[in-house]
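Structure record follows, encoded as structure tokens.
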Amino acid sequence: VAFANNPVTGLFIVAGMFASNALVGWACLLAGILGVIFSKVLKQPEILINDGVSIFNGILVACIGVAVFPSISGHDLGSIFWLYIALAVCITAYIDKGLNALMASSTLPAFSLPFNLTAAILLLTMRSHAGLEGRQMPITSTFSANLTLELNITEALESNLTAALKAPDVEWSKVFEGTLLAAGQIYGVGTIDASILIYLGFFFYSPLLTVFFYFGSLIGTLIGVVACIPPYTEVYMGLWGYNSLLTAGGIAFFMVPTPSVTLASVVGAALAAGVQAATMHLFSPATVPVFSYPFNVATLLIVAISKTPNPPFHWIEERTYPEKHIILHYRKQKARKCIPIRCDMQLPFHASVRDSMKLTRIWGVRGVELFSESTI
């Protein structure tokens, strides 16, 4: 989900999961195995399986399910719960292939939409099985701090902003901590050790992409400070940063990170935070987190611009890492500007038209222009 296609990066991320919550780590491994099996069953291309593209949505379902759902689904982490998770991972493989097939005509990826759909279905099904309706919570559950805070953001947004002005000042050191914790919140492990390991994994893959990730997180977190009222706990925990983090990184990954794309990533990160603020009150009555819907909405809208006629952004067909994308892009631009003949070669001034046409066949169209200019 973080576009970092590198096995070492994957090891850092899994290590972060185990460092924060071992159950999330085991859920990741279970989902990875099931994802590979069902990708084979569905005849996904080998390159998508090897790169983890056809598997990561199932992994997200398992990780977020284990990290967040027990406190609101009415289920303990027992055998029934793990059965739900395994079934959801299998279903995600089908949803993933179906959504990507529907979007194939646009050549845009489905990103983490399969995860969002499956996770919402899983959570609501489990709550229905437990006899829970609306915002009703399990009486015996120990509420997850992350989810309780996320569901309460709606009340924060609906409150009078005047109260925020009378409240204690923002603790900027915790705001900075929130920009780091956003990386861990992608996988449901919002602790500082897990987040640092995940950032290290990102950096190992691409320092430039990591910079986009962090500034995206910073933008989302700062917008969270404006949108929320004290005590800003959800901001400090990184819940406002992860969607903007993914959006800024996704824009820089799928398109050549030129200055115009850099500006687009800033706009996209702000849009993701805005979508999060706007949709919180739509999701919270059903006790469903926003997951990564804001990231999907913002990134798809920005990236789709690269598919328009005469696009201002350059879509990348064969993706590796942003640094290489930039190098290849400017090499192509330089090649287009070069004259297809050697600079020290000149067309003879008194060459006949017939001879010049022979040279044109060798030197290209530009040779005709040079010849025309030299004979006038």
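Note: Cβ is positioned from N, Cα and C throughout, glycine not excepted.
TrEMBL annotations: computationally assigned, not manually curated.
Among the features that TrEMBL reports, transmembrane segment is placed at 12-42 (among others). Sequence-remote contacts of a segment are chain residues at least 6 beyond its ends whose Cβ falls under 8 Å from one of its Cβ atoms, and for the transmembrane segment (12-42) they are 2, 48-49, 54-56, 58-59, 61-63, 65-67, 77, 82, 85-86, 89-90, 92-94, 97, 184, 187-191, 193-198, 200-201, 204.
According to TrEMBL, the feature transmembrane segment maps to 54-73 (among others).
Nonlocal intrachain contacts for the transmembrane segment (79-95), taken as residues 6+ away from its ends with a CB within less than 8 angstroms of a stretch CB, comprise 27, 30-31, 34-35, 38-39, 41-42, 54, 57-59, 61-62, 65-66, 69-70, 73, 114-115, 117-119, 121-122, 125-126. Per TrEMBL, the feature transmembrane segment maps to 79-95 (among others).
Feature annotation from TrEMBL assigns transmembrane segment to 107-126 (among others).
Away from its own ends, the transmembrane segment (186-205) comes close to residues 1-2, 4-6, 8-13, 15-17, 19-21, 24, 28, 60, 63-64, 66-68, 146, 177, 180, 213-214, 237-239, 242, 245-246, 292, 321 of its chain (Cβ-Cβ under 8 Å, at least six residues beyond either end). Feature annotation from TrEMBL assigns transmembrane segment to 186-205 (among others).
The transmembrane segment annotation in TrEMBL covers 212-233 (among others).
Counting residues 6+ beyond its ends, the transmembrane segment (263-284) has Cβ neighbours under 8 Å at 135, 150-154, 157-158, 212, 215-216, 219-220, 223-224, 227, 240, 243-252, 255, 257, 290, 293-295, 297-299, 301-302, 305, 313 in the same chain. What TrEMBL lists as transmembrane segment is 263-284 (among others).
Proximity of distant same-chain residues to the transmembrane segment (290-306), defined by a Cβ-Cβ separation under 8 Å and at least 6 residues beyond the stretch ends, is recorded for 1, 60, 64, 106, 108, 111-113, 115-116, 119-120, 150, 186, 242-244, 246-247, 250-251, 254-255, 264-265, 267-269, 271-276, 279-280, 283, 312-315. Look at TrEMBL and you will find 290-306 (among others) tagged as transmembrane segment.
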